[in-house]
Amino acid sequence: ASLLWLQLSCSGEGPGGQERGVPRQPCPPPAPLQPPEDEPAWGPHRLALLVPFRERFEELLAFVPYMHRFLSKKRIRHHIFILNQVDHFRFNRASLINVGFLESGNDTDYIAMHDVDLLPLNEHLDYSFPEAGPFHVASPELHPLYHYKTYVGGILLLTKQHYELCNGMSNRFWGWGREDDEFYRRIKGAGLQVRRPSGITTGYETFQHLHDPAWRKRDQKRIAAQKQEQFKVDREGGLNNVRYRVESRTDLRVAGAPCTVLNILLDCDTNETPWCTFG
């Protein structure tokens, strides 16, 4: 049903966003196709754009065609993965990124951990292969909301080798927030140095933030021991113990832009993290 809604909304045949208080946006123009694999001008690397997702279809309708055009204009080979959490647990951004990494295939050699509600407006932002180490595109001096120096959320690029070196992200963060801060400590612990954009003069106008907190509330509830656990480093969990099942895998196009939607069922050990449930 969710995929059908996504496919029909932009065509004008399905239910629009007007009922939710968000006016329907016109369908963007068809996105350009990616080049043949033997086109040398596009370089040898291929990006897996990993987008953690749950029920934010208005943002997704804008995000997929926009990012496909943006990356194609920069001649970056890419594949957009929508990591759709369909279980009944609280949202777990970090686990979804771990799943996306594991399911992204061998034809991609680096990843972008990318929020669905953040669009890059400055064409000089670098999405190329981050060989020298993690590259934080949405750096604190550019992000419209978060400005502390250890922030690595929003948009972060890593080679797959570096992500494995960190053992991915912790799976203990259910609900909104804090998983980025824990991952920053993993990056430092792996001996990696975070790099950020230079020469960008657009400041807080560098990105468009699509999130409207007035009608889409974040799950910021902290339950019992979660209040203390959220500040700890998870020294054991990550890629090695993420528990999930891919319910379905669907290739589709949004206004001509290709993407793959993974419907993901995460699993939770309620003895370890009882705060994964809404109860």
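Using N, Cα and C of the backbone, Cβ positions are placed for all residues, glycine too.
Pulled from TrEMBL, these are the features on record:
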- 25-35: compositional bias 'Pro residues' (COMPBIAS)
- 44-127: domain 'Galactosyltransferase N-terminal' (DOMAIN)
- 134-209: domain 'Galactosyltransferase C-terminal' (DOMAIN)
- 12-40: region 'Disordered' (REGION)
Inset, instruction - Provide the three-state DSSP residue tally for the domain 'Galactosyltransferase N-terminal' (44-127): helix first, then strand, then coil. - result: 28 helix, 23 strand, 33 coil
Legend entry - Helix, strand and coil totals (DSSP H, G, I; E, B; other) for the domain 'Galactosyltransferase C-terminal' (134-209): 20 helix, 11 strand, 45 coil
